[in-house]
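As recorded in Swiss-Prot, the features of this protein are as follows:
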{"type": "BINDING", "residues": "G13, G14, G15, H16, A17, G18", "note": "FAD binding site"}
{"type": "BINDING", "residues": "273-287", "note": "NAD(+) binding site"}
Amino acid sequence: MHYPKVYDVIVIGGGHAGTEAALAAARMGRQTLLLTHNIETLGQMSCNPAIGGIGKSHLVREIDALGGAMALAADKGGIQFRILNSRKGAAVRATRAQADRVRYKAAIRETLENQANLDIFQQAADDLIVEGDTVKGVVTQMGIRFDAKTVVLTTGTFLGGVIHVGLEKSSGGRAGDPPSIALAQRLRELKLPVGRLKTGTPPRIDARSVDFSVMTPQPGDFPSPVMSFMGDVSMHPEQVNCYITHTNEKTHDIIRGGLDRSPMYTGVIEGVGPRYCPSIEDKIHRFSDKDSHQVFLEPEGLDTHELYPNGISTSLPFDVQFELVRSIRGMENAHILRPGYAIEYDYFNPQALKFTLETKAINGLYFAGQINGTTGYEEAGAQGLLAGLNAARRAWEQEEWTPKRDQAYMGVLVDDLITLGTKEPYRMFTSRAEYRLMLREDNADQRLTTIGRELGLVDDVRWAAYCEKMEAVERETSRLQHLWAAPNNPMGKKFVEMTGADLSKECSAIDLLKRPNINFSQIAELTGSEVSQQVGEQIEIAVKYEGYINRQHEDVAQLKRLEETKIPADFDYDVVSGLSREITQKLKTVRPETLAQASRIPGVTPAAVQLVMITIRKNNMTKKTA
């Protein structure tokens, strides 16, 4: 059957990348189709039941600032909230939400089903319709043809997915779901650069069989933080503890004894696993000097006894899993509800993409999520939103948009993937962002919501809330600039009495806030401020980090000069005099779009960038005089 409706955007896959892609395109007014093999799994958390964390919450806040769904779903489904790095600087603070899987998934599905311009259809996609070098649509498992101006692929771990438990293996996209075999074969036919990666998950445990009394409880923060700029604590369901226990030497001996049947250590698995989320067998092998490793027992939800033992991801045979679990303190009688497993899947070298996440080889075809070599819900959601908005803009022949490295962690993510590529699952960290003081999770809305409004991603309700917040920040900052404390006036005396600090000369309330040991809550008490905690936080960070932020703005200005120098798509690096063969090859492989991108390619020296710039300028001068 040839479906009668022509879509602007078709999104294949209903995971974290797919849902954000479909929602973004639909919010922008494009006729959008979301194809999923199973409507019941829309927004499913396939691995750990958590959103956010170091570097990751910055992405979640950016998705949220652009009108995305992930942060609000985390607020509606979060059963524990914590601020990580709370004693460190604002740039590296991160919010983490332990999520109830069912509530999170329900929140995502509710958002999808109530989104205008979005159709959902339950069918696996088996084929792409490609005419010449342009995608024209999709063919499903039943042979239904859907036509579209653009297609976004967000296939997660489903492309050629193989599940491993010990030396046994089976086809699967995740436990209980079939893989995408036909689509994987079709993509390989298109001559896109393909590789194999792997990820894993731990065995799930029945909480009724665990002795929590010998473990360390890990409560959430109080007052509880929120994930979304539109979130409120009243959205949160009941809050619960996680628990911490440890592996021991007996656990490690059991694991070592099972390595001869490990698919990782017998060469059965060829795909590379995530460096920063290693399996327990990998930890024992790589960190043999450690006599224990932490295990975090995380509730999967309020209405289930299922626990996620974060820290013991494994693909060892089930009998070894059984022994290693029961060797851990408090889990001596643990009942395993689901075995752990590893999954191996196809991904495509992201260097074959444009910065918009459109493939260079096929016009109108976009990739987002694990298909690009990333790991994590947050990384997937960020790519999905970018791919969806750019597919939407291309469908209406509008100029596409991608944030720069100094604008967003999304920009860092995309630039890293396309400039550097990846041979292992890529995870975001704050350390990857050179301008992280400007890219804090607290100011994601200031960086992106205005842009999101211009792109059509931000609705009236969010826009009004953002404008109200920024007006409050401006009003309160101005008020504090005009309130003065002097050694002998009432405000000055109250300040000294409250804080025990010295006050030798007249200072504005803003100047007092610049002091290292003074926080906004003290200034609020001193001056009778009634603004929200969120507004106060913005003012405090802006005041305390003003000098550092100004310095980063200067660095960005220098970078922009390189960003503004575009490298023509057909630029011939072979004619650049003085370039080494190695650097020439690297530049030809990556095909950087700007001098700034060229400067970030490993091994490309500042001198080489200078040579390319000189050649571009010479070429431009030649064209002008011709």
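Using N, Cα and C of the backbone, Cβ positions are placed for all residues, glycine too.
A gap of 21 Å separates the Cα atoms of R275 (NAD(+) binding site) and H16 (FAD binding site). Sequence-distant neighbours of G15 (FAD binding site): residues of the same chain at least 6 apart with a C-beta under 8 Å from its C-beta are G43, Q44, S46, T154, G156, G369, A380. For F287 (NAD(+) binding site), the number of other Cβ atoms no farther than 10 Å from its own Cβ, over all displayed protein chains, is 12. Remark: A17 (FAD binding site) has T154, G156, A368, G369, Q370, A380, G381, Q383, G384, A387 as non-local neighbours, by Cβ distance under 8 Å and separation of at least 6 in sequence. Between the CA atoms of F287 (NAD(+) binding site) and H16 (FAD binding site) there is a gap of 32 Å, rounded to the nearest whole number. Put simply, H16 is the one of the binding-site residues G13, G14, H16, G18 whose Cα lies nearest to the Cα of E281 (NAD(+) binding site). Counting only the Cα atoms, the space from G273 (NAD(+) binding site) to G13 (FAD binding site) is about 22 angstrom. In this structure, of the binding-site residues G13, G14, G18, G273, the smallest number of CB atoms within 10 A of the CB marks G273. Ranking the binding-site residues G13, G14, H16, G18 by the distance of their Cα atoms from the Cα of S279 (NAD(+) binding site) places H16 first. Separation of the C-alpha atoms of G14 (FAD binding site) and H285 (NAD(+) binding site): 36 Å, rounded to the nearest whole number. Put plainly, the binding-site residues H16, K283 were compared by Cβ crowding within 10 Å, and the winner is H16. If you compare Cα positions, H16 (FAD binding site) sits closest to C277 out of the binding-site residues C277, K283, H285.
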